[in-house]
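Trainee: Take this structure first; my questions come after.
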Amino acid sequence: MENMELECKSAHKSFAMPVDSEHKATEFRVFSVSAPHMRAFHLSWISFFACFVSTFAAPPLLPIIRNNLDLTATDIGNAGIAAVSGAVFARIAMGTACDLFGPRLASSALTLLTAPAVFLTAIANSAISFLLVRFFTGFSLATFVSTQFWMSSMFSAKVVGTANGVAGGWGNLGGGATQLIMPLVFSLIHKIGATQFTAWRIAFFIPALFQALSAYAIFFLGQDMPDGNYAKLHKSGEKHKDNMSDILYHAITNYRGWILALTYGYCFGVELTVDNIIAQYFFDRFDVNLHTAGIIAASFGLANLFSRPGGGVLSDIVAKRFGMRGRLWALWIVQTLGGLLCVLLGKVESLSGSIVVMLVFSVFCQAACGLTFGVVPFVSRRSLGIISGMTGAGGNVGAVLTQVIFFRGTRYSTETGITYMGIMIICCTLPILFIYFPQWGGMFYGPSSKGLTEEDYYMKEWNLTDKENGFHQASMKFAGNSRSERGKKNGSAPTPIDGTPNIIV
C-alpha cells in the first residue's frame with residue numbers, strides 16, 4: 001500500500017504531519033511549528049542564520065575596521081580566507097558527529113562553542129588577532145551540515161529538496177542580513193556617543209548574543225529524529241549505534257559525494273566569496289558610501305529568501321516527472337548559467353548594470369546550492385552525515401581557493417577576479433555529467449540494464465552480519481521511500497523478496 005498516508009497515527013507514534021514508513025514528514029508546511037518536524041526546521045534555519053550573521057559581521061564594517069587596525073589589502077584577504085577555511089574540516093567533523101550523536105547535540109554544541117570568538121572580536125587589536133577571531137567564528141558555518149542532515153532525517157524523499165533548500169536558504173540569508181544589521185547597529189552606537197573605533201567593537205556583542213541564544217534553543221527544544229533523540233533511541237535499541245570506520249569508509253568510497261563536493265565549491269563557495277568581497281568592491285570601485293555599499297551587498301545574500309529554496313523546490317518538481325535524472329540536469333543547467341552571469345558581472349562597468357547583473361547572478365548561484373542538496377540525501381543512507389559534511393566542506397574549499405587565487409593581494413583587480421571566478425564555475429560544474437545511479441541513471445544514460453533496485457544500491461553499505469542483526473532496516477525503508485526518484489516514466493517495481501514493503505503509515 002505504497003501511497004497510503006495517515007495524518008496522525010502510526011503503530012507507536014502520533015504526528016501532526018502525514019509521515020512515511022520512517023516517520024518522515026511527506027509534506028512541508030512552512031508556517032507550522034509542530035513538533036518534531038517543523039520545529040526542527042525552524043530551529044535549524046534560525047541557528048544557521050545566526051552563525052552566518054556572526055561569520056560575516058565584519059565585512060560591512062571593514063572600511064572602519066581596516067583604519068582602526070591598520071589592515072592592508074593582504075591582511076583583509078587573509079582574514080576573509082580564514083573565515084571560510086576554518087569550516088572545511090569542521091564540516092566533515094560535523095557530518096561525523098551527526099551520524100554518531102545526532103544533529104541536535106552536534107549543532108547546539110558547535111554554535112555555543114564558537115560564540116566566544118564573536119565576543120572576542122571586540123578586543124581585536126592587530127591583523128593577527130582579527131584573523132584569528134574570524135577563523136574561529138567561521139567554524140560555526142559547519143552548522144549548515146547539521147541543518148541539512150536534520151532536514152533529511154525529518155522529511156521524506158518527496159519534499160526533502162524543498163526542506164533542505166528552504167532551511168539552507170533562510171540560514172544563508174544571514175549573509176545578506178548582516179550587511180544591513182551591522183552598519184545599522186554601528187550607526188546607532190556611534191550616534192549615542194561612542195567613537196567610530198569603539199562603536200564597531202560594541203556592535204559585535206549583538207550577533208554573539210544571538211548565536212548563543214540559538215544554541216540553547218536547539219538543545220532544549222529540538223529533537224534528533226521523528227521518534228526521539230539519538231541517546232534515547234540507542235538505549236532502547238530502536239536505532240543501531242553505528243561504527244565510525246564503516247560510516248567513513250562508505251562515504252569516502254562513494255565517488256558521487258566527491259563530485260558534489262567539487263561542484264558545491266563553485267556555487268556555495270562562490271556565495272561565501274561574494275559575501276566577503278562585495279561590499280568593499282562597490283565601496284571602492286563605484287565610490288558609494290558605507291551604508292549604500294552595505295545595502296547593495298545585502299541584496300545579494302537576501303536573495304536567499306527565495307532563490308535557494310527555489311532551487312530545492314525545482315529539484316523536487318523535476319524529480320516528480322524525470323526522477324533523479326531531472327535533478328541532475330536542473331543542477332547542471334542552473335549552475336552553468338550562474339557561471340556565465342558571474343563572467344558578465346566582472347565585465348559590467350556601470351553601477352546600475354553591476355547591481356542588476358549581481359542580483360540575477362545571486363538567484364542562479366543560490367538556486368544551484370538548493371539543487372545540490374536535492375541530490376545529496378540520495379547518495380548514501382548510512383553515511384548521510386559525512387556525505388553532507390564532505391559536500392558542505394567542498395563549498396568552503398571552493399571559497400578558500402577562489403579567494404586565494406583571485407582576491408588575495410593585488411595580483412588581479414576585483415572585477416577581473418570576478419570574471420575568472422565565473423569561468424571556474426562553468427568548468428567545475430561539468431563533472432555533474434559523470435554522476436550515475438545504477439537504479440535511476442544519470443544525465444545521459446538511463447538505469448542499469450541489470451535491473452538493479454533501490455534496495456540493491458543501499459544494501460551494499462551493509463555486510464551480512466549487519467543484515468542478520470537487522471541493522472539495515474532503516475536503509476530498507478529509505479530505499480522503498482526513494483522509489484519516487486525513478487520518475488513517472490519508470491513506474492514502480494516489485495519489492496525484492498528479502499526487502500521490506502514500502503508501507504507509508
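Glycine is no exception: its Cβ is also placed from the backbone N, Cα and C atoms.
Grabbed the feature section from TrEMBL, which reads as follows:
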DOMAIN    40-440  domain 'Major facilitator superfamily (MFS) profile'
REGION    480-505  region 'Disordered'
TRANSMEM  43-64  transmembrane segment
TRANSMEM  105-124  transmembrane segment
TRANSMEM  131-150  transmembrane segment
TRANSMEM  170-190  transmembrane segment
TRANSMEM  202-222  transmembrane segment
TRANSMEM  288-307  transmembrane segment
TRANSMEM  328-348  transmembrane segment
TRANSMEM  354-379  transmembrane segment
TRANSMEM  386-406  transmembrane segment
TRANSMEM  418-437  transmembrane segment
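Show me how these features fit into the structure around them.
Mentor: When Cβ-Cβ distances below 8 Å are used as the criterion, the transmembrane segment (105-124) is approached by residues 44, 47, 50-51, 54, 57-58, 69, 90, 94, 97-98, 130, 133-134, 136-137, 139-140, 142-143, 146-147, 150, 201-202, 204-205, 207-208, 211-212, 214-216, 218-219, 222, 224, 229-230 of the same chain, each at least six residues removed from its ends.
Counting same-chain residues at least six beyond the ends of the transmembrane segment (288-307), those with a Cβ under 8 angstroms from any Cβ of the stretch are 56, 59-60, 63-64, 169-180, 182-183, 187, 271, 274-275, 278-280, 282, 351, 355, 358-359, 362-367, 370.
Within the same chain, residues 263, 266-267, 270, 311, 314-315, 318, 322, 354, 357-358, 360-361, 364-365, 367-368, 371-372, 374-375, 415-426, 429, 432-433, 435, 442-443 sit at least 6 positions outside the transmembrane segment (328-348) and bring their C-beta atoms closer than 8 Å to a C-beta of that stretch.
Using a Cβ-Cβ cut-off under 8 Å and counting only residues 6 or more beyond its ends in the same chain, the transmembrane segment (418-437) has close neighbours at 256, 259-260, 262-263, 265-267, 270, 273, 281, 324, 328, 331-332, 335-336, 338-347, 375, 378, 398, 402, 405-406, 412, 443-445, 447, 457, 485.
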